[in-house]
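Features reported for this protein in Swiss-Prot:
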- His62, His64, Asp154, Asp307: Zn(2+) 1 binding site (BINDING)
- His64, Leu65, Arg66, Asn96, His311: substrate binding site (BINDING)
- Asp154, His181, His234: Zn(2+) 2 binding site (BINDING)
- Asp307: active site (ACT_SITE)
Amino acid sequence: MKILLKGGRVIDPAQNLDGQMDLLLENGKIAAIAEAVGSVPEDTRLLDLKGMILLPGLVDMHTHLREPGYEYKETIRSGSEAAAVGGFTSIACMPNTLPVNDNRTVTEYILKRAKECDTVHVYPVAAVSRNSEGKILAEFGDLKEAGAIAFSDDGKPVMNSILMRRALEYASSLDRIIISHCEDLNLSAGGLMNEGKISTELGLPGIPTLAEDVMVARDLLLAEFSGAALHIAHVSSAGAVRMIRDAKKRGVRVTAETTPHYFTLTDEAVTNFNTNTKVSPPLRSREDLQAVREGLRDGTLDAIVTDHAPHALTDKEVEFEYAANGISGLETALALSLTLVDDGLLTLSELVRKMSVNPAKILNIPKGTLRPGADADITVLNPGKTWVVDPSNWRSQGKNTPFFGWTLKGKVIMTLVQGRIVYQED
């Protein structure tokens, strides 16, 4: 199959490209990229994309696909289809499944199911510890051999400091990273939302930013001591941003991510007890939100991820205390992130770097570019299209979103994976 994508604005930060160009796709690869591709074979399919923006396929390095074990929340198929709708061509799925992805059998199952679904690239993240209990290290070497791209107990922190040190050193020896969920469970115990004025007014137990900051500080010190690569997940606090910034200046091998809800929402969103605003870490204060936005602007935060955490209605339509944590984010992440461009915080090229180039680089996967010879993984964006968030139309089984009814600007109209159109807007 040969496809000529003609007349669109191509943005590829990996090549410092931003301009109107043609892309020729052949045998699943980028065959040519030029201001005007010359003669093409007769059997080439022509797609006129004038007015559209073509990006290297987005890479989400923090997704929860729920399968195996929680298929009532999401499946690898529904999650992959949601990713394609959102413009993501590669996703890294977290290990908090049932059973936990702490052994090669589960890793191989995920890869097998992803291959059967044949939608987007799926990269399994395996657990740091057996059953993510934080007691005994998982078999990193065996998991890497099976296809694990990184290690994380995400959803839970590794509270044991010596275990975390060993995990960093073990992963480093295998050229893999640890993705750390930074939370001191002793400080967050019993909390339901961010500790502050709003939690006091609502009468809900609070989780202080200190619960995040203490573990960020510990993990940065462990990474500095060991020389290993550390990636800090879903950064939400001003203290965490500040410490990561300082650590980078000292040469610590640390990268960090945040999600759209931490730069678009504050704890004020919880005031009507909407359980779709319950997330871990919790939505923080206005000051924390501003610090996260500044961290994105100055490069302290390397990546924007979805932390896509789909849940069934029964997990959310309960009292706030009993509701599950998480937001379903694959189908809204890009449009929410485009608000950073509209606000002048990032250029479009800088945003693409944080949603494609950098995540691919951090995970060490061959994605995030439209260079000739690369896989033809492409996100086609209509930058001017406005749309209303309505989860009843989503491909994801998880309809849990605090953004219901929001009008957003910028819509993915087509997603290609290895030259195949895996999503096209009706």
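Glycine residues also receive a Cβ, built from the backbone N, Cα and C atoms like all the rest.
Overlay of Swiss-Prot feature records on the structure.
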residue	record	Cβ contacts under 8 Å, 6 or more apart
His62	Zn(2+) 1 binding site	Ala92, Met94, Asp154, Ile179, Ala233, His234, Glu257, Thr259, Val305, Thr306, Asp307, His308
His64	Zn(2+) 1 binding site	Glu74, Gly79, Cys93, Met94, Asn96, Asp307, His308, Ala309, Pro310, Gly326
Leu65	substrate binding site	Glu74, Thr75, Ile76, Gly79, Ser80, Ile91, Cys93, Thr97, Ile110, Val122
Arg66	substrate binding site	Lys73, Glu74, Thr75, Gly79, Thr97, Pro310
His181	Zn(2+) 2 binding site	Ser152, Asp153, Asp154, Gly155, Lys156, Pro157, Ala233, His234
His311	substrate binding site	Lys73, Ala324, Gly326, Ser328, Gly398, Asn400
For His62 (Zn(2+) 1 binding site): DSSP state (helix, strand, coil): strand
Other CB atoms within 10 A, centred on His234 (Zn(2+) 2 binding site): 23
Cβ neighbour count (within 10 Å, all chains shown) around Asp154 (Zn(2+) 1 binding site): 24
Asn96 (substrate binding site): tally of other CB atoms within 10 A of its CB: 21
Check: same-chain CB within 8 A of substrate site center, minus His64, Leu65, Arg66, Asn96, His311: Tyr70, Lys73, Glu74, Gly79, Cys93, Met94, Thr97, His308, Ala309, Pro310, Gly326
Conformational class of Asn96 (substrate binding site) under the three-state DSSP mapping: coil
All-chain count of other Cβ atoms within 10 Å of Asp307 (Zn(2+) 1 binding site): 29
Any further residue of that chain within 8 Å (Cβ to the Cβ centroid of Asp154, His181, His234) of the recorded Zn(2+) 2 site: His62, Met94, Ser152, Gly155, Ile179, Ser180, Cys182, Glu183, Ala233, Ser280, Asp307
Listed in sequence order, residues not in His62, His64, Asp154, Asp307 with Cβ within 8 Å of the centre of the Zn(2+) 1 site Cβ atoms: Thr63, Met94, Gly155, Ala233, His234, Val305, Thr306, His308, Ala309
